[in-house]
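A quick write-up on the structure given underneath.
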Amino acid sequence: MHRCWLCGGSDVLGDRIQVSSHSRFCLLLSSPKNFITHSRLPIVTIVDVNQDRINQWNSDNLPIFEPGLDEIVLKCRGRNLFFDTNVDKAIKEADLIFVSVNTPTKTSGIGSGAAADLSYVELCTRRIASISTSSKIVVEKSTVPCRTAESMRQVLESNTNPDLNITFDILSNPEFLAEGTAVADLLNPDRVLIGSLQTPAGKRAQAALVNVYANWVPIEKCVTTGLWSSELTKLAANALLAQRISSINSLSAICEVTGADIDEVAYACGLDDRIGKRFLKASIGFGGSCFQKDILNLVYLSESLHLKDVADYWRQVIIMNESQKIRFTRRIVKQLFNTIRGKRIAVLGFAFKKDTGDTRCTPAITLVQHLRAEGAQVAIYDPKVKHEQYWLDLVDKNVPGDETVARQQITVCKSAEEACVGASGIVVATEWDEFKTLDWVKIHKSVEKPATVFDGRLILDAKALRKIGFKVFVIGQGDEEEQSKLH
């Protein structure tokens with residue numbers, strides 16, 4: 001069982017749940033950032049069966065990094081924010097239960113590699129059914145396939161003691177936060193989406209949750225839809241965002257060959273209000289826990305509905321993303337005299353984006369593994385990734401002896417400057433702001449010559465670096481000689 005959070009006080013009238021500012025809220029979850037939203041309510045108790053995890057949340061060393069999160073926890077902990085391990089008590093006393101557990105891609109069986117694994121959702125649902133002694137509103141916050149709520153309803157109704165005469169209303173309330181800006185996203189959301197069955201009971205439950213969010217979210221930002229529309233919207237939103245990234249990355253490949261500048265192209269296109277500026281930043285590819293997983297889920301859903309053309313369309317977004325990562329790595333090898341065996345390559349950044357320590361599906365994994373395959377010595381630095389995480393991501397447990405080889409090829413460094421010492425090439429893999437202000441003159445003196453930088457995130461001042469003496473290759477721009485002709 002994953003984590004569970006509880007907010008204090010309850011007010012139940014008749015056989016229907018009436019939500020007030022004193023209602024109890026229980027959250028079964030895998031994403032600890034969700035409690036930021038609910039910290040706006042009077043009392044929040046976060047419950048987890050993992051005692052070590054609870055101890056971390058009760059310490060000064062929180063288990064995750066997210067800008068602004070430490071301040072909220074330290075301010076509220078012990079006042080209206082508490083951490084405990086009694087999951088069953090939280091479920092039993094709650095009026096609303098938020099299910100926000102992992103839904104990873106299946107690794108075996110039917111749909112392996114594409115379909116969502118709903119094991120945790122089912123476990124939570126069965127636990128709710130077995131523990132509950134009063135009516136509940138159960139809220140999906142996990143990203144799930146369309147019509148998952150129907151399966152949850154069947155489990156709840158089939159596993160509840162009929163003598164108790166209790167009911168469950170199921171809502172869909174997906175999150176639309178981005179790691180690195182999660183606190184701001186949750187406190188000031190673009191919208192709050194709440195889906196329900198279009199029945200009198202479903203609409204009452206929907207209105208109850210709207211009233212909860214109305215404590216801090218303007219009512220016009222609370223969007224109410226049907227249950228299935230809400231479930232599909234989360235998948236669609238992530239797929240559309242990933243599609244934009246793959247689209248601009250596909251154009252970056254054309255720019256590198258023709259001499260066009262992807263930054264200029266993206267800027268000019270973004271001025272069109274119909275297109276907009278966001279998510280038009282070329283890079284070595286998208287990562288994170290959501291985009292690829294959710295697109296694969298959409299592909300599997302389309303195939304199961306016999307919509308092959310639709311499935312092929314969305315699959316191409318992932319194919320383009322993988323192509324971008326491989327193409328960038330090949331460019332590194334090509335520019336370093338077509339061989340990097342035995343050469344030290346500094347990789348600056350390992351998280352999938354700045355302002356997070358999350359490495360799930362980070363493009364840097366593909367980058368480092370290809371550099372390893374070419375025989376390079378890789379020196380990695382990231383300001384927020386924990387030391388043990390590199391080995392979890394980069395060691396292939398299915399290959400005997402790979403950990404020994406990996407530790408011989410990979411060095412985890414304490415600073416960007418340390419990673420760059422003696423490097424034949426420097427690769428920017430994550431857009432951390434600190435990389436913009438490094439002492440590049442000092443770094444130039446410490447690297448192998450010709451000093452070469454590969455900017456995979458479009459964050460460095462290429463002109464300034466070239467004046468120092470670096471050869472600079474920027475994603476979405478032609479080679480150095482072509483750029484010098486244009487400027």
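Backbone N, Cα and C define each Cβ position, glycine as well.
What TrEMBL says about a protein is an automatic prediction, not a curated fact.
Here TrEMBL flags C290 as active site, nucleophile. The feature NAD(+) binding site is assigned by TrEMBL to D48, R53, 101-105, 142-143, E179, 290-293, R360. The substrate binding site feature in TrEMBL is assigned to 175-179, 234-238, R274, 281-287, 352-353, R457. Among the features that TrEMBL reports, domain 'UDP-glucose/GDP-mannose dehydrogenase C-terminal' is placed at 346-462.
Everything TrEMBL records as a feature, shown here on the structure.
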{"residue": "T103", "record": "NAD(+) binding site", "Cβ contacts under 8 Å, 6 or more apart": "A116, D117, L118, Y120, V121, S142, T143, V144, K293"}
{"residue": "T105", "record": "NAD(+) binding site", "Cβ contacts under 8 Å, 6 or more apart": "G113, A114, A115, A116, D117, K293, L296, N297"}
{"residue": "A178", "record": "substrate binding site", "Cβ contacts under 8 Å, 6 or more apart": "D185"}
{"residue": "L235", "record": "substrate binding site", "Cβ contacts under 8 Å, 6 or more apart": "T143, P145, C146, D294, N297, L298, L301"}
{"residue": "N238", "record": "substrate binding site", "Cβ contacts under 8 Å, 6 or more apart": "T143, C290, F291, D294, I295"}
{"residue": "G285", "record": "substrate binding site", "Cβ contacts under 8 Å, 6 or more apart": "I245, N249, N321, E322, Q324, K325, F328, P363, T366"}
{"residue": "Q292", "record": "NAD(+) binding site", "Cβ contacts under 8 Å, 6 or more apart": "A242, F286, I318, N321, C361"}
{"residue": "F352", "record": "substrate binding site", "Cβ contacts under 8 Å, 6 or more apart": "F286, G287, G288, D358, T359, R360, C361, T362, P363, A364, T430"}
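For the recorded positions V101, A282, C290, the greatest number of Cβ atoms within 10 Å around a candidate Cβ is found at A282.
Helix first, then strand, then coil: DSSP counts for the domain 'UDP-glucose/GDP-mannose dehydrogenase C-terminal' (346-462) stand at 45 helix, 19 strand, 53 coil.
Fewest other C-beta atoms within 10 Å: among the binding-site residues E175, R360, that description fits R360.
Each residue contributes its Cα atom, and for E175 (substrate binding site) and D48 (NAD(+) binding site) those atoms are 21 Å apart.
Computed over the domain 'UDP-glucose/GDP-mannose dehydrogenase C-terminal' (346-462), the whole-number mean pLDDT of the model equals 98. Taking CA atoms as the reference points, V101 (NAD(+) binding site) and A282 (substrate binding site) are 31 Å apart. D48 (NAD(+) binding site) sits 39 Å from A282 (substrate binding site), taking the Cα positions as reference.
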